[in-house]
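Take a look at the structure set out below.
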């Protein structure tokens, strides 16, 4: 949810999600879709597209592409589907309605279908910050929120939230307090990061994620995992947790799925931000709402980024779909 996770500042956390611009002085990042996210609409690996069902889907897509915005809205209304959003979003929604119907029919007849994660776990950290962060500033996680989506029911089914006591810069800046709403008293009374991470692992294990159920982590951008969690693990002198080494970057997924430039995701989908901007749990809830809408529109959210050797890498669309491993507490760094 944080545009400034790209330049390691926190002055405009929800520009991607809300309809308001909170800091006009900050130079925005590029809105163009990443070059490495130009996968076909159905990107499961080893899929056989020779089956007749895909020809029927292609013919339906061609018809939908020729429809006007008003025609799309009328057809969506007839099908009792959501009519909100820009034209590209409505086209995708209608296409995937027909695609889902065709694939369900195909599955009933023994033909191809799509696979999915059972759960998606949304994470959006809040971290220490200054109004003008020096280049060597060590951002420490001060809020660890998670929102759990059941991909079969398309419902948000559970949440986790814990505050974290910073170690390197224990005194929060006035800017950080105002931005996040997290007080000095709150972090002073919080547990250190290793203890919070232990609670996170227990929370994931209790829900049998990675054992009974296949799941994936999801973030709004790359920096929650590749920057903030990476820095925090070094500060706390623990290894980077295996279950967080791969994740779904919803910004990339959104851009690729709707084939449209990324501005404010909620606004493009005809939705509004709910809650307090810059609250990690509220941010995570709103990211989860976007993920649910994309799932409803037929998007196959899948892992598209990973950490390897401390470096951020893209996961190609041709890679096999894999769930996150069973959560374990990471060992100490040697």
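Cβ from N, Cα, C; glycine included.
What you see is a predicted model, and the numbers here were worked out from it, not measured in a lab.
According to TrEMBL, the feature compositional bias 'Basic and acidic residues' maps to 17-27. As annotated by TrEMBL, compositional bias 'Pro residues' applies to 323-334. Per TrEMBL, domain 'SAP' is recorded for 64-98. According to TrEMBL, the domain 'Exonuclease' annotation covers 119-300. Residues or ranges marked as region 'Disordered' in TrEMBL: 1-49, 313-334.
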Helix, strand and coil counts within the region 'Disordered' (313-334) (DSSP): 0 helix, 3 strand, 19 coil
Cβ contacts under 8 Å made by the compositional bias 'Pro residues' (323-334) with residues that lie 6+ beyond its boundaries: 117, 197-198, 200-201, 204-205, 209-211, 214-217, 233-234, 237-244, 246
Within the predicted model, mean pLDDT of the domain 'Exonuclease' (119-300): 94
Helix, strand and coil residues within the domain 'SAP' (64-98) as assigned by DSSP: 24 helix, 0 strand, 11 coil
